[in-house]
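One structure is given here, and the rest of the page talks about it.
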Ligand SMILES: C[S@@+](CC[C@H](N)C(=O)[O-])C[C@H]1O[C@@H](n2cnc3c(N)ncnc32)[C@H](O)[C@@H]1O
């Protein structure tokens, strides 16, 4: 397929997303299913263009003066990929498998400079207008810049698994992918993306297949490192999901002690077994839900560490899921807040005196972060906040201390501040 044919396909996929309210991954999958001639490289290029358009939807619409799928794709090519408008016009007119050539109005929008002057913060920051108030709470006058950084492409980060080797060994194994050590996580490697934003298929690499590396954003690695699970400890991973952080915790524990991997949704836990086998993790056991039974009752006041990687809106991961940012509704935020209070309540009794509870979200919204911790502490005087600097230094990550939130009682990572996905990490210790 030609680049123009990729653009036409991206327009079709975006139309499907808009008109039938299909989630982007589903719409892309459907398109691939009904266009079998497109190979995996073509499908990846189309997906990358669709995601570029979605990331910058509001600012592209402002510049193009239209929010149609076609305007979004033209704008993504010109404004985020620096395509030349004249060359595009020539390529687009040349084949039946290409979009119509740009109209005069489109050409003038594409070449009239990149001015977002006068645009409101939610347009400059590419987020839904209703989130302007929550984001102003989190970032004040810097919300547009934070939004802009959340609208860029995410890097491809790997975590080197200490149970299988060190960073130098992984760098040697992946040398052909030109990995670069990540600045904050001592276990992170960043793999450069192609010009159109695609990463190499790392899952086919021997280093991945042998469990030496896992795909994990540097922010997620830091959240696990701050939890600082030590060898021999009893650790409850209360919202373990597919186990991204479980595996990182196990690496820090050198396969000693015990991790109890729990999640209210048993289907989410399913991939963990295979991932743990590949990573050589042996010190974990599942605590899968069994009807209404309390599967954690034997762990009350026994855990050195309870990690609460809470369900959240994912507002820190918009770089990877730009579709989710436009779909997010106020009711979803309210629902997540209720769930966050519930998981904190479920985790608290498991912490032994002197133990710690680490609360993590991949959101940047204070409603899901500082507010939940403040509400929890008001209900639980037996817990106190550990200052972020103290938590970072004692986890051996002094550079991370620079990313404390305003009050200094938690870490707030963002693409703009730390070059990672957005993460909030609060450490609470029990008296
Ligand atoms: C952010 S995800 C976890 C990601 C995972 N820890 C990782 O690092 O890959 C949040 C998880 O919380 C789970 N969850 C939601 N409510 C819960 C509850 N009341 N108890 C336990 N898990 C819950 C969800 O099923 C989801 O898998």
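Cβ atoms are placed via backbone N, Cα and C, with glycine included.
Among the residue ranges 92-123, 124-155, 156-187, the one that TrEMBL annotates as region 'Disordered' is 92-123. Residue 263 (S-adenosyl-L-methionine binding site) is surrounded by 24 other CB atoms, counting those within 10 A of its CB over all protein chains shown. For the region 'Disordered' (92-123), residue counts in helix, strand and coil come to 12 helix, 0 strand, 20 coil, using DSSP. Residues 1-2, 4-5, 7-8, 11, 58-59, 61-65, 70-71, 73-75, 78-79, 85, 129, 131-132, 135-136, 143-144, 147 of the same chain sit 6 or more residues outside the region 'Disordered' (92-123) yet have a Cβ under 8 Å from a Cβ within it. Between residue 362 (active site, nucleophile) and residue 309 (S-adenosyl-L-methionine binding site), the C-alpha separation comes to 8 Å.
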